[in-house]
(Lines of atoms letter the chains of each structure in order from A and count residues from 1; the text may use other names and numbers.)
(Lines give C-alpha, C1' and ligand atoms only; values in the text may rest on other atoms or scores of the structure.)
Protein backbone atom coordinates (compact mmCIF):
# COMPACT_ATOMS: atom_id res chain seq x y z
CA UNK A 1 0.00 0.00 0.00
CA UNK A 2 1.24 3.47 -0.91
CA UNK A 3 0.12 6.30 1.36
CA UNK A 4 0.52 9.94 0.47
CA UNK A 5 -0.80 13.46 0.60
CA UNK A 6 -1.79 16.45 -1.51
CA UNK A 7 1.09 18.92 -1.54
CA UNK A 8 1.38 22.39 -3.02
CA UNK A 9 3.85 23.56 -5.63
CA UNK A 10 4.36 27.10 -4.23
CA UNK A 11 5.65 28.12 -7.65
CA UNK A 12 7.84 25.04 -8.05
CA UNK A 13 6.92 21.52 -9.09
CA UNK A 14 10.00 20.25 -7.30
CA UNK A 15 8.80 21.78 -4.02
CA UNK A 16 5.69 19.59 -4.04
CA UNK A 17 7.72 16.40 -4.46
CA UNK A 18 10.30 17.41 -1.86
CA UNK A 19 7.53 18.20 0.62
CA UNK A 20 5.92 14.81 0.03
CA UNK A 21 9.25 13.06 0.43
CA UNK A 22 10.14 14.93 3.61
CA UNK A 23 6.76 13.97 5.10
CA UNK A 24 7.47 10.31 4.42
CA UNK A 25 4.85 9.94 1.69
CA UNK A 26 5.10 7.22 -0.95
CA UNK A 27 2.73 8.96 -3.38
CA UNK A 28 1.40 12.48 -3.79
CA UNK A 29 -1.12 14.71 -5.51
CA UNK A 30 -0.75 18.27 -6.80
CA UNK A 31 -2.47 20.97 -8.80
CA UNK A 32 -0.50 21.54 -12.00
CA UNK A 33 -1.44 25.24 -11.87
CA UNK A 34 -3.63 27.56 -9.81
CA UNK A 35 -6.87 25.69 -8.98
CA UNK A 36 -8.90 28.89 -9.34
CA UNK A 37 -7.72 30.24 -12.69
CA UNK A 38 -8.88 29.26 -16.16
CA UNK A 39 -5.55 29.65 -17.92
CA UNK A 40 -2.15 28.38 -16.92
CA UNK A 41 1.38 28.43 -18.24
CA UNK A 42 3.13 25.40 -19.71
CA UNK A 43 5.44 23.86 -17.07
CA UNK A 44 9.10 24.87 -17.22
CA UNK A 45 11.16 21.97 -18.65
CA UNK A 46 13.82 22.54 -15.98
CA UNK A 47 11.18 22.22 -13.26
CA UNK A 48 9.89 19.02 -14.84
CA UNK A 49 13.40 17.52 -14.69
CA UNK A 50 13.77 18.57 -11.05
CA UNK A 51 10.37 17.07 -10.26
CA UNK A 52 11.34 13.77 -11.89
CA UNK A 53 14.60 13.71 -9.96
CA UNK A 54 12.82 14.34 -6.65
CA UNK A 55 10.28 11.62 -7.43
CA UNK A 56 13.08 9.16 -8.12
CA UNK A 57 14.96 10.21 -4.98
CA UNK A 58 11.97 9.51 -2.73
CA UNK A 59 10.39 6.73 -4.85
CA UNK A 60 7.18 8.76 -5.19
CA UNK A 61 4.63 6.93 -7.30
CA UNK A 62 2.07 7.42 -8.60
CA UNK A 63 1.89 11.17 -9.19
CA UNK A 64 -1.73 12.29 -9.23
CA UNK A 65 -2.84 15.67 -10.54
CA UNK A 66 -6.16 17.16 -9.45
CA UNK A 67 -8.00 19.24 -12.03
CA UNK A 68 -8.71 22.83 -11.05
CA UNK A 69 -11.98 23.73 -9.35
CA UNK A 70 -13.41 25.75 -12.25
CA UNK A 71 -13.64 22.99 -14.86
CA UNK A 72 -17.23 21.80 -15.37
CA UNK A 73 -17.49 19.54 -18.41
CA UNK A 74 -21.10 18.64 -17.52
CA UNK A 75 -22.25 22.24 -18.00
CA UNK A 76 -24.28 23.13 -21.07
CA UNK A 77 -23.81 26.87 -20.57
CA UNK A 78 -21.89 27.81 -23.74
CA UNK A 79 -19.44 30.17 -22.03
CA UNK A 80 -18.62 27.87 -19.10
CA UNK A 81 -18.47 24.89 -21.43
CA UNK A 82 -15.99 26.48 -23.82
CA UNK A 83 -13.76 27.60 -20.95
CA UNK A 84 -13.98 24.17 -19.30
CA UNK A 85 -13.00 22.27 -22.44
CA UNK A 86 -10.08 24.61 -23.07
CA UNK A 87 -8.94 24.46 -19.44
CA UNK A 88 -9.22 20.67 -19.29
CA UNK A 89 -7.17 20.32 -22.44
CA UNK A 90 -4.51 22.35 -20.67
CA UNK A 91 -4.79 20.01 -17.68
CA UNK A 92 -4.25 17.01 -19.93
CA UNK A 93 -1.29 18.60 -21.69
CA UNK A 94 0.40 19.58 -18.43
CA UNK A 95 -0.20 16.18 -16.84
CA UNK A 96 1.37 14.46 -19.85
CA UNK A 97 4.33 16.87 -19.90
CA UNK A 98 4.93 16.42 -16.17
CA UNK A 99 4.74 12.64 -16.41
CA UNK A 100 1.79 12.14 -14.07
CA UNK A 101 0.14 8.74 -13.99
CA UNK A 102 -3.35 10.03 -13.14
CA UNK A 103 -5.48 13.15 -13.62
CA UNK A 104 -8.48 13.39 -11.28
CA UNK A 105 -11.57 15.30 -12.39
CA UNK A 106 -14.96 15.92 -10.79
CA UNK A 107 -17.86 15.04 -13.11
CA UNK A 108 -19.38 18.50 -12.67
CA UNK A 109 -22.84 20.05 -12.41
CA UNK A 110 -25.68 19.72 -14.93
CA UNK A 111 -27.70 22.62 -13.43
CA UNK A 112 -30.80 23.39 -15.49
CA UNK A 113 -30.69 20.10 -17.36
CA UNK A 114 -31.14 16.37 -16.76
CA UNK A 115 -28.67 13.84 -15.41
CA UNK A 116 -28.54 12.19 -18.82
CA UNK A 117 -27.78 15.49 -20.53
CA UNK A 118 -25.04 16.20 -18.00
CA UNK A 119 -23.43 12.81 -18.56
CA UNK A 120 -23.53 13.28 -22.33
CA UNK A 121 -22.10 16.79 -22.01
CA UNK A 122 -19.20 15.53 -19.89
CA UNK A 123 -18.35 12.72 -22.30
CA UNK A 124 -18.48 15.01 -25.32
CA UNK A 125 -16.40 17.62 -23.52
CA UNK A 126 -13.76 15.04 -22.65
CA UNK A 127 -13.70 13.92 -26.27
CA UNK A 128 -13.17 17.47 -27.51
CA UNK A 129 -10.55 18.30 -24.87
CA UNK A 130 -8.48 15.19 -25.60
CA UNK A 131 -8.59 15.30 -29.40
CA UNK A 132 -5.17 15.01 -31.01
CA UNK A 133 -3.15 14.40 -27.86
CA UNK A 134 0.28 12.78 -28.36
CA UNK A 135 0.89 9.21 -27.12
CA UNK A 136 0.96 9.08 -23.33
CA UNK A 137 0.56 6.91 -20.23
CA UNK A 138 -1.98 9.16 -18.49
CA UNK A 139 -5.28 7.82 -17.13
CA UNK A 140 -8.14 10.19 -16.30
CA UNK A 141 -9.91 9.34 -13.04
CA UNK A 142 -13.55 10.28 -12.41
CA UNK A 143 -13.94 11.22 -8.75
CA UNK A 144 -17.10 10.41 -6.83
CA UNK A 145 -18.84 13.38 -5.20
CA UNK A 146 -21.07 14.10 -2.22
CA UNK A 147 -24.05 14.06 -4.61
CA UNK A 148 -25.29 17.54 -3.71
CA UNK A 149 -27.93 19.15 -5.91
CA UNK A 150 -27.16 18.85 -9.60
CA UNK A 151 -23.64 17.50 -9.16
CA UNK A 152 -22.89 14.24 -10.93
CA UNK A 153 -20.95 11.44 -9.29
CA UNK A 154 -22.79 10.78 -6.05
CA UNK A 155 -23.93 7.43 -7.43
CA UNK A 156 -21.69 4.70 -8.80
CA UNK A 157 -24.09 4.27 -11.70
CA UNK A 158 -23.46 7.86 -12.84
CA UNK A 159 -19.70 7.34 -12.82
CA UNK A 160 -20.11 4.10 -14.77
CA UNK A 161 -22.37 5.78 -17.34
CA UNK A 162 -19.83 8.56 -17.88
CA UNK A 163 -17.01 6.06 -18.36
CA UNK A 164 -19.02 3.86 -20.71
CA UNK A 165 -20.11 6.77 -22.91
CA UNK A 166 -16.65 8.30 -22.94
CA UNK A 167 -15.18 4.97 -24.05
CA UNK A 168 -17.38 5.17 -27.15
CA UNK A 169 -16.07 8.63 -28.03
CA UNK A 170 -12.35 8.56 -27.22
CA UNK A 171 -9.44 6.21 -26.62
CA UNK A 172 -8.43 8.14 -23.49
CA UNK A 173 -8.03 5.67 -20.58
CA UNK A 174 -10.67 6.32 -17.91
CA UNK A 175 -10.81 5.00 -14.35
CA UNK A 176 -12.11 6.11 -10.96
CA UNK A 177 -10.94 7.83 -7.80
CA UNK A 178 -13.05 7.26 -4.68
CA UNK A 179 -13.06 9.79 -1.85
CA UNK A 180 -14.01 8.44 1.59
CA UNK A 181 -15.59 11.71 2.75
CA UNK A 182 -17.65 11.92 -0.44
CA UNK A 183 -18.78 8.31 -0.08
CA UNK A 184 -20.13 8.96 3.40
CA UNK A 185 -21.73 12.26 2.40
CA UNK A 186 -23.44 10.59 -0.56
CA UNK A 187 -25.04 8.02 1.76
CA UNK A 188 -22.70 5.03 1.58
CA UNK A 189 -22.07 3.24 4.87
CA UNK A 190 -18.31 2.84 5.10
CA UNK A 191 -18.25 3.15 8.90
CA UNK A 192 -19.54 -0.27 9.95
CA UNK A 193 -17.98 -3.55 8.84
CA UNK A 194 -21.20 -4.77 7.13
CA UNK A 195 -21.62 -1.36 5.49
CA UNK A 196 -18.09 -1.38 4.11
CA UNK A 197 -18.59 -4.87 2.71
CA UNK A 198 -21.82 -3.76 1.02
CA UNK A 199 -20.21 -0.62 -0.39
CA UNK A 200 -17.28 -2.57 -1.83
CA UNK A 201 -19.63 -5.15 -3.33
CA UNK A 202 -21.53 -2.34 -5.03
CA UNK A 203 -18.30 -0.74 -6.24
CA UNK A 204 -17.12 -4.07 -7.63
CA UNK A 205 -20.44 -4.74 -9.36
CA UNK A 206 -20.85 -1.29 -10.91
CA UNK A 207 -17.36 0.15 -11.31
CA UNK A 208 -15.04 -2.83 -11.01
CA UNK A 209 -12.50 -2.30 -8.23
CA UNK A 210 -9.70 -2.91 -10.73
CA UNK A 211 -10.76 0.39 -12.34
CA UNK A 212 -10.50 2.28 -9.03
CA UNK A 213 -6.89 3.40 -9.19
CA UNK A 214 -6.72 5.92 -6.32
CA UNK A 215 -8.50 6.63 -3.03
CA UNK A 216 -8.70 10.02 -1.35
CA UNK A 217 -8.48 9.45 2.41
CA UNK A 218 -10.51 12.10 4.22
CA UNK A 219 -12.64 12.00 7.34
CA UNK A 220 -15.95 13.90 7.23
CA UNK A 221 -17.18 16.82 9.31
CA UNK A 222 -20.78 15.90 8.48
CA UNK A 223 -22.70 12.63 8.93
CA UNK A 224 -23.66 10.01 6.40
CA UNK A 225 -26.10 11.20 3.75
CA UNK A 226 -25.52 14.91 4.45
CA UNK A 227 -24.40 15.60 0.86
CA UNK A 228 -21.94 18.10 2.35
CA UNK A 229 -18.29 17.86 1.31
CA UNK A 230 -16.23 19.00 4.29
CA UNK A 231 -13.04 17.13 5.06
CA UNK A 232 -11.86 16.42 8.61
CA UNK A 233 -8.65 15.10 10.15
CA UNK A 234 -8.36 11.31 10.12
CA UNK A 235 -10.18 9.87 13.13
CA UNK A 236 -11.80 13.17 14.10
CA UNK A 237 -14.89 13.05 11.90
CA UNK A 238 -17.95 10.89 11.30
CA UNK A 239 -15.92 8.11 9.67
CA UNK A 240 -13.52 7.57 12.55
CA UNK A 241 -10.29 5.69 13.14
CA UNK A 242 -11.84 2.23 13.40
CA UNK A 243 -13.50 2.59 10.01
CA UNK A 244 -10.28 3.81 8.40
CA UNK A 245 -8.47 0.82 9.90
CA UNK A 246 -11.00 -1.51 8.26
CA UNK A 247 -10.72 0.33 4.94
CA UNK A 248 -6.94 0.42 4.87
CA UNK A 249 -6.52 -3.22 5.88
CA UNK A 250 -9.23 -4.63 3.63
CA UNK A 251 -7.74 -7.30 1.32
CA UNK A 252 -9.32 -5.74 -1.76
CA UNK A 253 -7.87 -2.30 -1.03
CA UNK A 254 -4.42 -3.00 0.37
CA UNK A 255 -2.68 -2.39 -2.96
CA UNK A 256 -4.47 0.89 -3.68
CA UNK A 257 -2.80 4.29 -3.23
CA UNK A 258 -4.48 6.40 -0.53
CA UNK A 259 -3.88 10.15 -0.69
CA UNK A 260 -4.82 12.59 2.08
CA UNK A 261 -6.63 15.86 1.37
CA UNK A 262 -7.12 16.72 5.03
CA UNK A 263 -7.22 20.26 6.49
CA UNK A 264 -4.13 22.10 7.66
CA UNK A 265 -5.32 23.96 10.74
CA UNK A 266 -1.95 23.97 12.50
CA UNK A 267 1.68 23.41 11.50
CA UNK A 268 2.39 19.70 11.44
CA UNK A 269 -1.14 18.60 10.55
CA UNK A 270 -0.03 16.98 7.28
CA UNK A 271 2.60 14.87 9.01
CA UNK A 272 0.21 14.00 11.84
CA UNK A 273 -2.53 12.81 9.48
CA UNK A 274 -0.08 10.82 7.39
CA UNK A 275 1.42 9.19 10.49
CA UNK A 276 -2.07 8.27 11.71
CA UNK A 277 -2.90 6.77 8.33
CA UNK A 278 0.31 4.72 8.37
CA UNK A 279 -0.44 3.50 11.88
CA UNK A 280 -3.96 2.42 10.93
CA UNK A 281 -2.76 0.72 7.75
CA UNK A 282 -0.21 -1.24 9.75
CA UNK A 283 -2.69 -2.42 12.36
CA UNK A 284 -2.39 -6.06 13.36
CA UNK A 285 -6.13 -6.55 13.86
CA UNK A 286 -7.83 -9.39 11.95
CA UNK A 287 -8.57 -8.53 8.34
CA UNK A 288 -12.25 -8.11 7.42
CA UNK A 289 -14.03 -10.78 5.42
CA UNK A 290 -13.85 -10.51 1.66
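For all residues, glycine too, the Cβ spot is worked out from N, Cα and C.
Since this is a predicted model, take the numbers as computed values, not measurements.
Feature annotations, courtesy of Swiss-Prot:
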BINDING   66, 106, 143  Zn(2+) 1 binding site
BINDING   143, 179, 216, 261  Zn(2+) 2 binding site
BINDING   182, 229, 231  Zn(2+) 3 binding site
Residue 231 (Zn(2+) 3 binding site) and residue 66 (Zn(2+) 1 binding site), Cα-Cα, nearest whole angstrom:
16
Out of 66, 106, 182, 216, 231, which of the binding-site residues has the smallest number of neighbouring Cβ atoms within 10 Å?
231
Would you mind pulling the DSSP three-state label for residue 106 (Zn(2+) 1 binding site)?
coil
Cβ-centroid neighbourhood (8 Å) of the Zn(2+) 3 site, 182, 229, 231 excluded:
145, 146, 179, 181, 185, 218, 220, 228, 230, 261
